[in-house]
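Below is one structure, written out as structure tokens; the observations come after it.
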Amino acid sequence: MACCLCAKYLLLFFNLIIWLTGGVFLSCGILVLYKRDLHELFALLSYDSHLVPSFLNVGYVLIGVGALVFIVGLLGCCGSVRESRLLLGLYVFFIILVMGGELVVAMYTVLLGDEWDTRLPNTLKRRLLTYNYSIPQRFEFDLDTVHKQFTCCGIDGPSDFHANTDYKIFGNRLPSSCCNHLLNGICNDTDSYRLGCFQIINEYMQLYSRLIVFVGIGIALLELIALIMAVCVCRNKTDEDEFY
């Protein structure tokens with residue numbers, strides 16, 4: 001009896017944490033959708049890539065995951081308080097569903113790693129060859145925004161523009177977004193940002209990816225312990241569920 005009571009309160013505690021985690025995911029998803037300065041970065045990275053998700057998709061996935069985790073935590077809290085086999089059974093089902101989704105995300109991340117490290121920078125550098133100085137399109141606008149936001153130029157550096165046709169036509173001039181201060185309205189190689197955007201963005205991504213991995217492992221351990229606690233409570237529940 002004491003073991004069952006201990007499992008019940010442990011389950012309640014773990015599910016309060018999971019419930020709060022769902023709220024964090026929801027908040028991050030909403031922030032992603034409405035934080036305008038990140039839109040151009042995701043738009044730039046998703047050009048000509050079938051694996052890099054669009055900005056809106058990332059936000060929607062975070063909101064969906066947050067809502068599901070929020071519901072799972074609520075089911076676990078209610079089920080542990082009432083010791084309801086029905087609620088705990090639903091809770092176990094959704095926990096397994098969430099853990100399966102996390103496994104799919106982990107596999108997707110492995111595929112994304114190869115795309116990020118090799119194909120993405122080469123694809124973006126090929127895009128720079130068609131960067132239009134005179135009639136900028138969506139790609140030019142997104143790249144200029146990233147240049148200014150991260151104080152960088154090109155993908156690996158300013159030399160990425162040297163093979164661009166407009167770079168030669170305009171007298172070996174870089175896009176104005178590559179310089180913080182323009183000399184007579186012209187951005188030269190000597191005055192441009194020296195670092196490429198991919199290097200700077202990659203450092204940010206590695207930092208956040210490590211943080212996400214640690215948080216993900218922590219959440220997975222919480223879910224596994226909560227799953228075991230829910231099974232223990234169900235096994236020790238002898239009375240029929242009461243809903244009145």
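Residue numbers in this text run from 1 along the chain shown.
Using the three backbone atoms N, Cα and C, a Cβ is placed for every residue, glycine included.
What TrEMBL says about a protein is an automatic prediction, not a curated fact.
Quick caveat, the model's predicted, so the values are computed rather than measured.
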Recorded disulfide partner - CYS178, candidates CYS153, CYS197, source TrEMBL: CYS153
Same-chain residues near the transmembrane segment (211-234), Cβ under 8 Å, at least 6 residues beyond its ends: 3-4, 7-8, 10-11, 14-15, 17-18, 21, 76, 79-80, 83, 85, 88-89, 91-92, 95-96, 98-99, 102, 106
Count of other CB atoms lying within 10 Å of the CB belonging to CYS178 (disulfide bond): 27
All-chain count of other Cβ atoms within 10 Å of CYS153 (disulfide bond): 27
